[in-house]
Structure formats: structure tokens, C-alpha cells
């Protein structure tokens, strides 16, 4: 990725939009639809680069996936009829694809190799490999920590596992592997992490029990799977950039429709409310994956906040743009307990601080988060996404605080999760 993008957008931002389908749910819907023999339809999926890597891999395994307007039609021969791949399964920049398929392919017992791009090659996999090996998975990485991951057939066993970190990807890798075990698996979480895997298991007829921080699987649960249609809500992680953009840009009034507000993912709404931001939810739906329309209006004099504990996993992917929001508060804000940011596409603690500090903001990285001081855009230094889609979009939102254009290197990284992000932002500028 070498492209540079000059961002020249000014407020106010006004209008009504939808954001692309939720990335986490799209991945899981493709995986479960591919396992189930028959036809499943996924409506309004995210067709960014990450989810396309998941689609490509299941096509190699023998699943037919057709793109039709705003839906995917998945026709599967069933998991028992999957091909043995004769080439490396390329996961690109997708940590979700890599980690969840490490569990799923181990459970299936399909001899395979998972490998991604340079960024994925730097992201540690030991946190996934340890529990999978305790389930008797035959899986190895380079130096036992990194991709490529080499998977060979084995008989998966149930385990009683206490999570070491609040990670939905690690939890989901265990859950996908457990589908093929003759024993139940029990997972004890440290804090509540996003529960899309659990809710979507049920949607595809797979029994699973969750109570508090404990999750219990059913032996050989894969036998219950059935094809299903699934409507993917808008991704709250993508909506977050427009929420913050409207809050910090004078005169803005933006409404985002059909956003997923799963309580394990809605931390940004909680944070904005605690800061006194003008945010309203309406048109709410209930169910396993609730949705709402969200209206956001410019809010001066935002209150500082300390983000820690159980709030962190509920907003983990939004923390870079939340850090930008905190620069506009009237006092110093702190993010704690966010070590998980270190193992994202970049070390997001460092990249958030480094890039925003280049623009004149004042952030101090800590071992587990950030200290964010009230500060303003001071200089139009060239900044860099460092191939991290969320850093690229956060920097584009930061440009709204500048009176001059801002140049962002490697901006095409945003296509990982939000193709069309910049045109949508410009649409709100034009309506404003």
C-alpha cells in the first residue's frame, strides 16, 4: 500500500447514511453458512478485503458463494464434503479469518496451511495456539507464535478453559474447534467480550449455553447445524468514525440507520453518553443482534473520561477514534486496561499517539493505554495509516479539525473494512 490521499473536508456534516455491514458478523455468517449443507443467504454483508479472504478460502474448500446485489448466496455441500486444499489458504490482513479458521480447520481435521500478509505475520498467534493445543489440535506456527500456521488432522477434545485475555477471536477459535469434539467445552471469560459467535451459533441451530462469564458447548454440536438466512446490521465500528466526526465538527447533525448495537459492542455509545455528547437512539429493534438508528449532533465542552475495565472490550476497535474525541474534552482523559490494542493491525496504542501527536495533539502512550490531554490540531504534517484501516479513518476524521488539507499515506488500507468511506464522508459535507 503506497497510495496517498489528500483529505480536504470541512463541516458542518449533515444528513442520513447507512454504514457497511458488520465485519465480525459477516465473517461468522460466511463460516457457518459454509459449514451447513444447503443454501443460506447473507443480506447486506461487508464485502471489504478481510471478508473476501474468508470467502476465498471457503470457495477453495468447495463452497459456492455468489454475490448478488447486496447479498451473498452460499451453497454448501456441507462440512463433511469439503476439499483438502492443495495451496496455502491466504488470509490477507484479516486476524479474524486467521484466528477463527485456526480453530475451525483444526476441528475439521483438514490438512492445511494458513498464511497472511506481512502485518499478519507480525501478530502473535500463541494466545490461540495454546488453547487449541490443549484441545489436542495438531497445529504449529513459526517459532510457535506466528503465521504460517500448519494444521494436520487430529481428534479434538473438550476442555475447561479460563481465558487469559478478553478476546472474542480467541474465544471464537475455541468455540469453532469445539463443534467437532465428543465432549463439552467450558470457557470462563475474564470480562464480557463480543458474543457474535454465540448468537450466530444459535441462529444456525447450534446449541450453546452462556450465563454470566461462563460458556458451555454441546458435544458434537456440529451435527445440529442447519442453513439459515441472516441480515447483517451496520457495523458500529464503522459508524464510530461518523459519530466522532459529528460530535467534534461545529454545526453537524448526522443520523446513521440500521447500526448493530449488541451490548457487547456498544461501548462507544456508553462513552459518548458519559462525556455528555448529544447522541440519541431510535427505531430500535430487539433480538440476538439488536439495531438502532443513531442521531449525533455537534457537542462542545465534552467531559473528560476514564475508560477502563469491562468498558474496554466493548469498545476495543473504536478506541483510536475515541482517543481523538477525548482531545476535544475540557480535561484530561485516560484509557486503561487496553493491552489488546498492541496486537491489532498495528500497536494501536503507539500508532494512535504517534500519528495524532504529529498533528499537534497531546497524547501519552502507557503500557496499557493512553493519557489524552485537551489539545488542538496545530500542524499539517503528513501522516500514515501504517496499513491499519482504523488508523487511516481516524486520521481522516481528525482532518475535520484542520483548516487545511491533510495528507495520509497508505490510505487505501480503509478498504479492509469500509470501501467507500471517504465518499460517504464527503456526502455528509455536501449535504451540510
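Just so you know, glycine gets a Cβ as well, placed from its N, Cα and C.
Annotation comment: Swiss-Prot describes 317 as active site, proton acceptor, evidence class sequence analysis. Taken from Swiss-Prot, the feature 3-phosphoshikimate binding site covers 23, 24, 28, 167, 169, 317, 344. Feature annotation from Swiss-Prot assigns phosphoenolpyruvate binding site to 23, 95, 123, 169, 348, 390; the stated evidence is sequence analysis.
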Maximum Cα-Cα separation (Å), residues 23, 95, 123, 169, 348, 390 listed as binding phosphoenolpyruvate: 19
Rounded distance in angstrom between the Cα atoms of residue 23 (3-phosphoshikimate binding site) and residue 348 (phosphoenolpyruvate binding site): 19
Nearest-integer angstrom distance between the alpha carbons (Cα) of residue 348 (phosphoenolpyruvate binding site) and the residue listed as 'active site, proton acceptor': 9
Fewest-neighbour residue among binding-site residues, criterion Cβ within 10 Å, set 28, 344: 344
Cα-nearest neighbour of residue 390 (phosphoenolpyruvate binding site) within the listed recorded positions, 167, 169, 317, 344: 317
Rounded to the nearest Å - Cα separation of the residue listed as 'active site, proton acceptor' and residue 95 (phosphoenolpyruvate binding site): 13
Inter-residue Cα distance where the pair is residue 123 (phosphoenolpyruvate binding site) and residue 344 (3-phosphoshikimate binding site), in Å: 7
Pairwise Cα distance for residue 167 (3-phosphoshikimate binding site)/residue 95 (phosphoenolpyruvate binding site) [Å, integer]: 12
Sparsest-packed among the binding-site residues, when each Cβ's other Cβ atoms within 10 Å are tallied, from 23, 123, 348, 390: 123
CB contacts for residue 169 (3-phosphoshikimate binding site) [other CB atoms within 10 A, all chains]: 25
Binding-site residues (24, 167), the one with most neighbouring Cβ atoms at 10 Å: 24
From 24, 28, 169, the binding-site residues whose CA lies within 10 Å of that of residue 95 (phosphoenolpyruvate binding site): 169
